[in-house]
Amino acid sequence: MVPSRRTWNLGATPSLRGLWRVGRAGEPEPGMARPAPASPAARPFPHTGPGRLRTGRGRDSPAGGDEDSSTRSAARPALAQCRALSVDWASPGSPHRLYLTLQVEHLKQKLISQAQEVSRLRSELGGTDLEKHRDLLIVENERLRQEMRRCEAELQDMRAKPAVPCTGCEHSQESAQLRDKLSQLQLEVAENKGLLSELNLEVQQKTDRLAEVELRLKDCLAEKAQEEERLSRRLRDSHETIASLRAQSPPVKYVMKTVEVESSKTKQALSESQARNQHLQEQVAMQRQVLKEMEQQLQSSHQLTAQLRAQITMYESELERAHGQMLEEMQSLEEDKNRAIEEAFARAQVEMKAVHENLAGVRTNLLTLQPALRTLTNDYNGLKRQVRGFPLLLQEALKSVKAEIGQAIDEVNSNNQELLRKYRRELQLRKKCHNELVRLKGNIRVIARVRPVTKEDGEGPEATNAVTFDPDDDSIIHLLHKGKPVSFELDKVFSPKASQQDVFQEVQALITSCIDGFNVCIFAYGQTGAGKTYTMEGTLENPGINQRALQLLFSEVQEKASDWEYTITVSAAEIYNEVLRDLLGQEPQEKLEIRLCPDGSGQLYVPGLTEFQVQSVEDINKVFEFGHTNRTTEFTNLNEHSSRSHALLIVTVHGVDGSTGLRTTGKLNLVDLAGSERVGKSGAEGSRLREAQHINKSLSALGDVIAALRSRQGHVPFRNSKLTYLLQDSLSGDSKTLMVVQVSPVEKNTSETLYSLKFAERVRSVELGPGSRRAELVSWSSQEHLEWEPACQTPQPSARAHSAPGSGTTSRPGSIRRKLQPSGKSRPLPV
Ligand code: ADP
Ligand code: MG
């Protein structure tokens with residue numbers, strides 16, 4: 001081992017001659033190998049500096065500085081020795097000492113320049129062969145590293161790819177490529193291994209050479225040590241000789257001179273040996289440095305090789321693993337493929353079997369179907385033949401069906417004709433029966449209605465009840481008149497308990513006969529306040545005959561609507577002082593005339609009398625409302641006026657039978673007569689007397705007409721009053737008349753009650769026989785009304801009229817007299 005600078009052997013201090021030789025440095029010691037200077041062109045990497053290449057890690061070591069310091073440290077012992085030698089003569093100012101000092105300084109500078117020169121030469125010469133080899137190796141290593149990195153990246157890619165089982169040849173191609181690549185890589189690895197082994201060999205060789213160099217260096221060092229030893233021994237001897245010579249004073253000078261002469265020679269030899277020594281030391285240091293670096297390089301190269309080997313092994317194992325994985329995948333894919341093929345084959349076999357079975361079934365079916373097909377074909381042919389003959393068949397069938405239908409229609413027609421004939425006969429029979437019924441009941445029927453006692457009757461004896469009834473016979477009424485009981489028999493008597501509906505039921509048959517084309521007259525007769533208007537019109541809550549009659553007509557008409565088409569029209573008129581006025585007209589003051597129809601039918605009509613066509617009870621109410629609104633403005637004392645006039649509601653029912661074309665016209669006259677009280681007897685005068693005379697005249701005329709009709713006289717005096725003349729067609733022929741005689745039950749009205757009931761009974765009793773009828777009627781007519789005549793002519797006080805209960809005070813919202821006002825001739829229904 002070469003000693004370091006720090007452990008430099010002071011015993012082997014170079015002689016002065018050696019030091020001196022250093023001053024002539026730059027020339028190599030004879031026999032010492034020195035690296036030949038390499039031309040810059042011969043350098044492998046001319047762009048790279050030698051220092052950089054030498055260190056190999058980009059770190060420039062201050063080589064010059066080190067050598068300088070080593071030179072200085074090498075010169076230091078020599079100077080120390082010189083100082084020791086010039087203990088006596090090396091005093092300050094001694095020329096020898098000065099010389100030595102200068103010599104030392106010079107040597108120092110020489111050393112520095114030599115070191116610089118060495119470093120320069122080194123840089124110029126470039127690296128050694130080993131360095132070049134090392135550089136090559138580094139480059140090669142770098143290349144290998146890059147190759148490995150590439151392999152690594154490829155392997156990563158392979159790993160990153162999902163291990164999807166290959167189904168086509170694409171993966172197998174890829175795997176083949178990979179396999180090729182693997183083999184290439186393996187080849188490269190083998191090559192690299194070979195290269196590595198070569199490099200190892202080279203390194204080995206270099207190591208051997210280094211070992212040789214080291215041996216030689218050791219030899220040199222040993223030689224140098226021996227030389228130093230020898231020189232130091234000689235120097236010691238010289239010192240001893242000098243010392244002994246100094247001790248001998250006289251001959252000393254001589255000796256000194258001799259020594260000085262010899263000393264120069266010695267010094268020269270010393271300096272030479274020192275220089276050689278120095279040079280050798282430098283060489284050794286240099287070689288050591290080179291060796292160290294080489295060792296380091298070798299070590300790093302070993303490490304690198306080991307790393308590379310480890311990496312190669314790792315990659316190999318990685319490759320092997322990948323290869324194994326790939327093989328496994330291929331194996332599993334192969335297995336999957338085989339399994340799928342087997343399954344598909346098994347399935348196909350099963351399916352084939354099923355198909356075969358189906359085929360066999362179909363074959364058997366076909367075999368069984370063939371006879372059925374044959375029969376079907378036969379059927380089809382038969383049907384085809386039938387179809388060909390079908391139009392003819394159809395024609396025949398149609399002809400026969402037509403004939404049958406025609407026959408059926410004829411039968412139905414004849415049936416219908418028969419039914420129609422029967423129906424007409426039934427209708428006639430019904431009418432005949434009805435007529436017979438009415439005839440049996442009497443064409444003119446008289447009923448009495450007793451109103452209840454009201455507040456208007458007052459209190460006291462005058463307001464006591466004077467009327468009683470027979471509990472077993474509803475046609476008997478008893479009146480207590482002036483203490484004497486008087487009984488009357490009529491068609492029917494209604495007590496105060498009887499409701500509006502009870503009374504209406506009695507007249508219902510008459511009203512329905514109007515639909516069948518009969519003319520009907522219903523009169524309310526009696527003194528004022530006896531309940532005529534109540535019975536005919538009633539109240540809003542409890543309507544009278546008028547409204548109920550129209551309701552009944554509407555419902556009956558609706559029932560027959562499937563066969564008959566009916567039109568119902570209404571007119572309202574008033575007869576006051578023998579003047580006929582239209583209650584629905586626009587000009588109530590206008591006097592209407594009754595005229596004969598110009599067609600010569602003998603029918604009467606009232607030109608200008610307004611008619612409203614009605615279809616429901618609502619329409620009727622509208623008509624009444626309209627009349628009432630207008631009439632309240634016409635008469636200031638409506639109640640008074642209404643008791644002095646006859647109010648007529650004329651309902652005409654036109655019917656057409658849809659099947660027969662039969663036409664019917666029935667007229668229903670609902671008459672609220674003026675008060676029957678004997679005004680003349682109470683001494684009325686002026687307008688009141690005139691009113692009374694007109695009322696008496698008209699009521700007498702009515703009595704006369706009814707008497708004439710009952711006794712079936714040839715002449716009926718219709719023209720004696722406007723009332724009878726207007727109702728002529730409704731009183732004659734098959735017409736039916738009903739008179740409701742209204743009476744008051746209280747004591748104070750017994751005279752008028754008696755008179756009304758007598759009038760009623762007489763009307764009814766006339767019917768018993770034509771002869772007697774006529775006679776009785778004549779006597780009644782002459783007796784009663786003629787009896788009144790003088791009274792009429794002699795003005796009497798009108799106390800009776802005023803004494804009538806409720807006169808001038810009663811007001812009923814349903815009253816036609818109040819409701820209807822005169823209006824225009826013929827207008828649409830008011831809305
Ligand atoms: P007229 O018309 O004969 O002059 P009204 O019909 O005006 O008599 O009747 C006079 C009064 O008697 C009215 O207040 C009426 O309400 C009442 N009245 C008449 N008849 C009845 C009856 N059956 N039930 C209840 N009140 C009646
Ligand atoms: Mg009245």
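Cβ from N, Cα, C; glycine included.
Whatever TrEMBL says is automated annotation, not expert-curated.
Matching 66-93, 402-429, 598-625 against TrEMBL, the residues noted as coiled coil span 402-429. For the coiled coil (402-429), the list of distant contacts is 659-660, 662: same-chain residues at least six beyond its ends, Cβ to Cβ under 8 Å. Ligand 2 lies under 6 Å from the Cβ of the following binding-site residues, listed in sequence order from G526, Q527, G531, K532, T533: K532, T533.
The binding-site residues near ligand 1, defined by a Cβ under 6 Å from one of its atoms, are T528, G529, K532, T533, chosen from Q527, T528, G529, K532, T533. With the fewest other Cβ atoms inside 10 Å of its Cβ, the least crowded of the binding-site residues G526, Q527, A530, G531, K532 in this structure is G531.
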